[in-house]
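This report refers to the structure that appears directly beneath it.
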Amino acid sequence: MAAAMTTPVEKEVVVDRVVFALNGQRYEVAGVDPSTRLLEFIRTQTPFKGPKLGCGEGGCGACVVLIAKYNPKTDEVTEFTASSCLTLLYTINLCSVITTEGLGNSQDGFHAVQERMSGFHASQCGFCTPGMCMSIFTSLINADKSKRPEPPKGFSKLKVSEAKKAFSGNLCRCTDVDLEDLGLNIFWKKGDRNPDVSELPSYTLGGGVCTFPDFLKTELKSSLDHLNNPCIAASREGWYHPRSIKEYYELINSCLFSDSVKVVVGNTSSGVPGYKDQDLYSKYIDIGGIPELSNIVRRESGFEIGAATSISRTIEILEEECESISSPNGSVVFRKLANHMSKVATPFVRNTASIGGNIVLAQRFPFPSDIATILLGAGVTVCLQVVAERRQITLEEFLEQPPIDATTLLLSIFIPHWIQDSGTNTSLLFETYRAAPRPLGNAVSYVNCAFLGHASVDELSDSLVLSNLRLAFGAYGTEHAIRAKKVEEFLTGKSLTASVVLGAIQLLRETVVPMEGTSHPEYRVSAAVGYLFSFLSPLSKGIPEPGKSLASSSADSADTDDVCNLPLSTRRETFSSDDYKPVGEPIKKYGVELQASGEAVYVDDIPAPKNCLYGEFIYSTQPLAYVKSIKFKSSLASEKIISFVSAKDIPSGGQNIGSSFLFGDEPLFGDPIAEYAGQALGIVIAETQRYADMAAKQVIIEYDTEDLSPPIITAEQAVEKSSYFDVPPELYPKEVGDVSKGMAEADHKIPSTEVKLASEYYFYMETQTALAVPDEDNTLVVYSSSQYPELAQSVIARCLGIPFSNVRVITRRVGGGFGGKAFRSFQVATAAALCAYKLRRPVRMYLNRNTDMVMIGGRHPVKAHYSVGFKSDGKITALHLDLLINAGISPDASPMIPGTIISSVKKYNWGALSFDIKLCKTNNSSKSVMRAPGDTQGSLIADAVIEHVASVLSVDANSVREKNFHTYDTLQLFYPDSAGETSTYTLHSIFDRLAATSSYLDRAESIMKFNSNNKWRKRGISCVPLIFKVEPRPAPGRVSVLNDGSIVVEVGGIEIGQGLWTKVQQMTAFALGKLWPDGGESLLERVRVLQADTLNLIQGGLTAGSTSSESSCAATLQACNMLFDRLKPVLDRLQQQSENVSWDTLISQASKDNVNLSASAYWVPGQVSNKYLNYGAGISEVEIDLLTGAITLIRGDLVYDCGKSLNPAVDLGQIEGSFIQGIGFFVYEEYITNSDGLMISNSTWDYKIPTVDIIPKQFNAEVLNTGYHKNRVLSSKASGEPALVLASSVHCALREAIRAAKVEFAISTVSGRSPLEFQMDVPAPMTLVKELCGLDIVEKYLECLSTYERAAGA
């Protein structure tokens, strides 16, 4: 440390503690590891559990908190959201932090945000809900501070566009993340209507919460004298806070500076894959307090922004400058910079990430920064401090320098005013572009651009001429953003014509060359070409502007230019009758307010027991290799390792088993051979989860592949090696009819055609987690986030070699499952149990997102080849399928997948159907059940066949669909065990209803007009049917009435967000309410549903397949009926004495009479009710941008047969949420592995699930009441999974839009084949859409125009 910092005087004034407020309470912290994150502190050192760890990258929003800062000079409080998973604890000194518990809770009452989220059924699993509450609350209070007019009472000043942007970074896997779902649309007034808010939870303008307590203001003011002392550099256990550039250099030149020191402002780079911390740091230098780094200096020529200024503040400054500039053209640069920056990262990352940090990251690494590119285009200069020298250089020069180190400090960024000379005819041009999977941000660009220049009219040619051009490109797979100088020089001074633009684009292709290993390289170049074309074509003679229609577009077509102005989605609900009240009522989800307030307890929220340790897997990166040795680097993180547990630590008599099901076991550890990349090899144990996670990164594994065969990675390799799993004969699907005869009857045949469907990751918000606590006599209690605690118990017991009765597995609620918490959860629970058993201490494991994505697996990849015969009228006579299913390393539940795939394929009458299915064993992570397993793939394959037939016949696909719908007779032929009665076959009426209510035919005609009028944008629409086979499973239930009349219910089903507990609560109140004159609704609040406990209620079974709610309700109903039979005689006797008998009186008397007030049941579905079919249909309308492949979902319409819904609100949420999840699978989610099968799209940065900016602009869902179904539980039908399959309509609509593009540009995919016929795999992201539309269509178009130009000139 420099001498100036070690004098006795300074020691007295050195601050060695952090003081802040958390939900209004004062916290003082000293001696904490400087690398501690705010989230870690809140969750481990305070009672608050609202903020959750979802990703550790700032990419999901689960950890969002409000941070408030106070300026004593202006007496103003500034509030903003922040990712607490990235925010270092020491950076919040003298700040106030609010979590969702600080808004409201069960003791003090819930806040309007929480109540409206709850009352509008916005929460399913609830894991993401606290973060959403904080995002919307912060946007509300900031909007209410604005100078906008006062809103009506009960409303906020918040705008709908602001609300969308506020939680554009909040991920949710369960729901459609819609404003109406969240109940947020009633925070603002819409149109001229006067809505009644009197029945809504009261909202106080300004939020109604004190965000910065007075005691902290006083403390902050009293500390100012110390802060103003020029000699202080506060040292808090390795935390250094220089307050001048001089102090900074004294620090880094001192003996303290080493590799374990990190310079930070917002620390957001620690969430970026590739740049994350690879070891712990013992010392941090926080440069955010250096005044020069936060200065904002306005000059006539532009303004200077300090490098430590947050990106959000930079956006505000740019917007303020726009308002202050009188010239409209002069503000265009600032306005477009601000608009572009608002799409960088997430709101809560932009609030803490510094503008300088982003640029430095782009300078030091090949970081795909949007900000560096657009500032390069805007002609920015930077100010650097290099030790004693201060330099002003262009951003371009800065980016081209060798990577800077800590001796170079970026001080500020100067953005010039680009104001055109009013005395000339020159126009200022500035545009920025980004091609990214999400319109509103939270996604890295494939390519970004910024184009600036001046345009003037050349009087001789009467065309525009460009000068002062700056064409910047970045993120395309380059070391850093660049200027395309050859293109700039080529364009300068030339009259813009088609041939000139073509020449510029040809030069650009030579300039924008992605580095080796860049994903989608051709796409990135093509998108860059598209953007340059978009910029130049409006300025050129003879080129219609890409964004404009060729003629006036149909008025029926919604304008989709601005995705920020999406209309709010709408919905229709059809409620069941009152036959079984409160069953059938849309009551709130059980415990939903607790989810919103952060008080709902998930596994990681259970307070850590004394002496608790934490574990993290280390896994193989090789697919088939002997593990020769496992060592750890010498590092700070390695010093934190307390123990290492591996297969050698499995007790004598135990087995190396980590998962199991009917078809076989899967080992816990790869020992001695790692069989696939991602297989667990051991567990690192440390004192905190962060230490364990970081220690696992230090591993060095030595492999040996001698004497081993090459690994089998692909299904094709499995076929070559005949590597298969058996499918038991009783599970192998049944063929229908004679295919050879059907083919002979056909007028047309399509020979073997391929369609491929990739895998999909579960992306539950709560990753795999377990807490194992040793108990007396070699017993264990394991808290597991599991959909199958019963089987988890047996796997743990078998691993440890102890009786099942020695293992108690408890699951209260699961933060999202989708099948991933079924068999794949056992590994974590077993690993935690093994560690606890060995160390005799509690062990908690909470997988970090990257590990979870690499190890856990996902949906089955499928490769299908189909051959189909059909008549000229579209009637299909025969279909043959060859299916390759990649099951991974273990059977898991894979032998069930062929049956579900074929079941879904059978939704059409193929005449005859045959297939050959191979279940391939490969050296990959095991693929397992995932929401609608098999049905999802099968449905897409079926519709791909239908669409191909329609293409060959050049007819509307819907006519081919309807031509091949089942009659009831053929339905019985294809589904002999589940067709049910004639009256239950509702598909025809559903399809007709949907076509009518969605105006399908009118919209299809409008789309044809739109496509004929728009060259560079195309739309498509598609309608798909759903037949989904459902198989209820046995389930236990126990209902107990306590002496005070309260009711406790236990069921085997697990609450994973699907509303199971809610339906069980309703069923209990209905069944026992028959004993009470007031009916069941009065009993609702008395019902409590307990967590699953494998030693308390056995045979709990698997929560999956959409049937656990109805099975649990059936078991509950049986148990309640037993109680009814016991209590009815008591009631009859009491009613002889008094007509009105209260529930409490009845229970009191029954207790005195020694009536058994607890009843257990085990419901087993009957032979007739064992299987049934669900029906539905969905229409999707999409628009694609041919220049970039960008996809806009314009509208979605669903009609779904729920029978008599047990809870229409819950079921509607399930239907909408599963549909949106299906869109992710069919369109957006790219499960990318390397050549060894290791998943590399293993972060929120690389793997994109649907968000608020992706859902359809208009979304209508209808739950049909189809009357009485005598074999169903109170006539209800499943809702959790089937609607996911309907999202294939989006894929099919994309195909229609691409087909229109191919017709426009006469693109043929294969020589000799019609452009209407092409293979379109799953998923179909914008990169694939662009590829199918043509990567060179701009050049071909310009070549045609150039030819016309030359001909005209001749």
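In case you wondered, yes, glycine gets a Cβ from its N, Cα and C as well.
Automated prediction, rather than curation, is the source of TrEMBL annotations.
Under the heading active site, proton acceptor, TrEMBL lists GLU1281. Residues or ranges marked as [2Fe-2S] cluster 1 binding site in TrEMBL: CYS55, CYS60, CYS63, CYS85. According to TrEMBL, the [2Fe-2S] cluster 2 binding site annotation covers CYS125, CYS128, CYS172, CYS174. Per TrEMBL, the feature FAD binding site maps to SER354, ILE355, GLY356, GLY357, ASN358, ASP370, LEU410, ARG434. The Mo-molybdopterin binding site annotation in TrEMBL covers GLN787, PHE818, ARG931, GLY1105. Annotation source TrEMBL lists domain '2Fe-2S ferredoxin-type' at 16-103. Annotation comment: TrEMBL describes 232-420 as domain 'FAD-binding PCMH-type'.
The Cβ of CYS174 ([2Fe-2S] cluster 2 binding site) has GLN124, CYS125, CYS128, GLY816, GLY1057, GLY1213, GLY1217 as same-chain neighbours under 8 Å, each 6 or more residues away in sequence.
Secondary structure of the domain '2Fe-2S ferredoxin-type' (16-103) per DSSP, as helix, strand and coil residue counts: 16 helix, 31 strand, 41 coil. Residues within less than 8 Å, Cβ to Cβ, of SER354 (FAD binding site) and separated from it by at least 6 positions along the same chain comprise VAL265, GLY266, GLY288, ALA307, ALA308, THR309, SER310, ILE311. Separation of the C-alpha atoms of LEU410 (FAD binding site) and GLN787 (Mo-molybdopterin binding site): 51 Å, rounded to the nearest whole number. CYS85 ([2Fe-2S] cluster 1 binding site) sits 27 Å from GLN787 (Mo-molybdopterin binding site), counting Cα to Cα. A 10 Å radius around the C-alpha of CYS60 ([2Fe-2S] cluster 1 binding site) takes in none of the recorded positions listed as ILE355, GLY356, ASP370, GLU1281. Counting every protein chain shown, the number of other Cβ atoms lying within 10 Å of the Cβ of ARG434 (FAD binding site) is 25. For ASP370 (FAD binding site), the nearest of the binding-site residues CYS55, CYS172, GLN787, ARG931, GLY1105 in terms of C-alpha separation is CYS55.
ILE355 (FAD binding site) sits 41 Å from ARG931 (Mo-molybdopterin binding site), taking the CA atoms of both as reference points. Neighbours of the [2Fe-2S] cluster 1 site: apart from CYS55, CYS60, CYS63, CYS85, residues of the same chain with C-beta atoms within 8 angstroms of the site's C-beta centroid are LEU39, LYS52, LEU53, GLY54, GLY56, GLU57, GLY58, GLY59, GLY61, ALA62, SER83, ARG849, THR1244. Here the CA atom of ARG434 (FAD binding site) lies 40 Å from the CA atom of GLY1105 (Mo-molybdopterin binding site). Around CYS63 ([2Fe-2S] cluster 1 binding site), the same-chain residues at least 6 positions away in sequence with a Cβ under 8 Å from its Cβ are LEU39, PRO51, LYS52, LEU53, GLY54, SER83, SER84, CYS85, GLY131. For PHE818 (Mo-molybdopterin binding site), the nearest of the recorded positions CYS55, GLY356, ASN358, ARG434, GLU1281 in terms of C-alpha separation is GLU1281. Non-local contacts of GLU1281 (active site, proton acceptor) by the CB criterion (under 8 A, 6+ apart in sequence, same chain) comprise ARG931, ALA932, ASP935, PHE1028, GLY1105, SER1106, SER1218.
Same-chain residues that are not part of GLN787, PHE818, ARG931, GLY1105 yet have a Cβ within 8 Å of the Cβ center of the Mo-molybdopterin site turn out to be GLY817, GLY819, GLY820, ALA822, VAL929, MET930, PRO933, ILE1056, THR1103, ALA1104, SER1106, GLY1280, GLU1281. The Cβ of ASN358 (FAD binding site) has ILE311, VAL344, SER369, ILE371, ALA372 as same-chain neighbours under 8 Å, each 6 or more residues away in sequence. Here the binding residues for Mo-molybdopterin are GLN787, PHE818, ARG931, GLY1105. Their largest Cα to Cα distance works out to 13 Å. Sequence-distant neighbours of GLN787 (Mo-molybdopterin binding site): residues of the same chain at least 6 apart with a C-beta under 8 Å from its C-beta are VAL814, GLY817, GLY819, LYS821, ALA822, SER825, ILE1054, ILE1056, LEU1102, THR1103, ALA1104. Among the binding-site residues listed (CYS172, GLY356, GLY357, ARG434), CYS172 has its Cα nearest to the Cα of CYS55 ([2Fe-2S] cluster 1 binding site).
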